[in-house]
Amino acid sequence: MNLHEYQGKEMLASFGVRIQRGIVATTPAEAVAAAKKLTEETGTGWHVIKAQVHAGGRGKGGGVKLAKNLEQVEEIAGQIIGMNLVTPQTSAEGKKVHQVLIAEDVYYPGDNEPEEYYMSVLLNRGTGRNMIMYSTEGGMDIETVAEETPHLIFTEEIDPATGLLPFQARKIAFNLGLSGTAFKEMTKFVASLYKAYVSTDSSLFEINPVLKTSDDKIMAVDSKVSLDENALFRHKDLAALRDEREENPVEVEAKAVGLNYVDLDGNVGCMVNGAGLAMATMDLIKQAGGEPANFLDVGGTADAERVEIAFDLILKDPNVKAILVNIFGGIVRCDRVAQGIVDAYKNMGNIEVPIIVRLQGTNADIAKELIDNSGLDVQSAVEFQEAADKVQAVLA
Ligand code: GDP
Ligand code: MN
């Protein structure tokens with residue numbers, strides 16, 4: 001589960017991470033009030049208005065703008081709130097902006113130039129350890145840095161038995177070329193950031209840029225925080241920060257009815273019981289030359305009601321041109337599933353794509369007969385490969 005920038009920053013601040021301060025607003029009037037309050041608290045005259053959507057690259061898409069007075073705060077907030085923000089990380093339609101963060105301008109000029117660094121904390125799945133990834137080349141696409149100048153990206157792995165050790169934080173500050181106050185600030189920043197990562201059971205932090213201000217403070221200007229959903233049960237406060245408006249609506253609906261659905265780009269809808277069989281089914285569809293439109297595990301009970309809910313979810317995706325049902329009847333009897341499919345099909349009355357059904361296990365032969373004699377645009381298959389081939393045939 002992802003947090004908004006402002007939510008991530010507030011959480012980080014609660015662990016002692018220095019952040020660019022800000023107040024969230026949903027209307028231009030609230031934005032002006034927020035800017036006034038920030039001026040009182042921080043003395044800043046200028047403010048940055050930042051679209052709060054779950055996507056990076058907002059700066060490039062016109063979702064991050066500097067306001068030099070309150071009139072500009074009102075005007076820019078008015079432009080950004082309600083817009084469909086298109087960034088390199090969104091779809092072509094973009095993401096609707098419901099709220100903006102009014103933040104203090106921290107790029108104030110001084111003797112030293114402000115410097116932008118990149119820092120992330122994530123799990124290295126190869127070694128099974130957390131690591132801090134960092135670079136002097138912050139502010140820009142880290143993907144480009146990784147491609148063109150990979151030697152400018154450093155990593156520091158953390159031993160779970162000891163946690164982050166002080167020498168590691170110093171090494172990071174040193175590799176970033178810091179000295180004096182900024183060096184000390186960075187070691188504190190890294191230690192607090194790592195503490196926040198572990199304490200919140202996060203799966204990814206990405207802070208780009210981490211800023212060295214002209215007066216040598218180190219702070220998070222941006223935050224991307226992904227929490228491990230499997231650990232949310234022990235972080236009720238963080239779980240409450242979920243913003244369903246940012247998530248795929250079909251996935252949200254599926255979750256509400258207890259189904260495991262993940263939206264994908266292809267055109268073959270999949271309805272399968274068991275996550276392993278669902279993965280194998282997607283593999284087979286690909287091997288046969290198709291592309292799965294979704295991952296869907298309908299679980300143990302595949303009665304008419306459940307099948308109908310599943311069909312309904314799958315068909316919400318306009319790209320779906322065929323549906324492959326692949327169910328193993330162990331505890332659930334195949335004939336009951338087949339009857340469920342036939343009943344759901346008739347009951348819905350609006351299914352316009354062909355359905356291929358493969359049922360294996362208890363009473364599979366009765367199930368096949370039920371499907372074959374249904375008179376509907378539903379084909380049965382016995383073997384896995386046969387099912388995938390039939391799907392390709394109806395798409396051709
Ligand atoms: P992203 O584009 O979605 O990653 O959003 P960021 O929060 O990283 O902001 C994009 C860019 O806006 C940063 O890289 C900065 O260059 C700029 N920016 C952010 N905060 C400030 C600020 O306080 N003052 C100025 N002048 N620029 C800022
Ligand atoms: Mn950023």
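Yeah, the Cβs are placed from backbone N, Cα and C, and that goes for glycine too.
Please treat TrEMBL annotations as automatic predictions, because they have not gone through curation.
As the structure is a computational prediction, the values presented were derived from the model and not from experiment.
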Have a look through Asn260, Asn267, Asn273 and flag the one TrEMBL assigns to the substrate site that Gly330, Ile331, Val332 belong to.
Asn273
Could you say whether, by DSSP, Val332 (substrate binding site) belongs to a helix, a strand or a coil region?
coil
How far is it from Asp222 (Mg(2+) binding site) to Asn273 (substrate binding site), counting Cα to Cα, in Å?
41
Please report the Cα separation of Asn208 (Mg(2+) binding site) and Gly57 (ATP binding site) in Å, rounded to an integer.
10
Restricting to the record's ATP-binding residues (Lys50, Gly57, Arg58, Gly59, Val106, Glu116), give me the longest CA-CA distance in Å as a whole number.
19
Name, in the order they occur in the sequence, the residues of the same chain whose CB lies under 8 A from the CB of Asn273 (substrate binding site) and which sit 6 or more residues away.
Asp297, Val298, Gly299, Gly300, Ala302, Ile327, Phe328, Val332
Hey, of the binding-site residues listed (Val106, Ile331), which one tops the CB count within 10 A?
Val106
Tell me, how many other CB atoms lie within 10 A of the CB of Arg58 (ATP binding site), whichever protein chain they belong to?
24
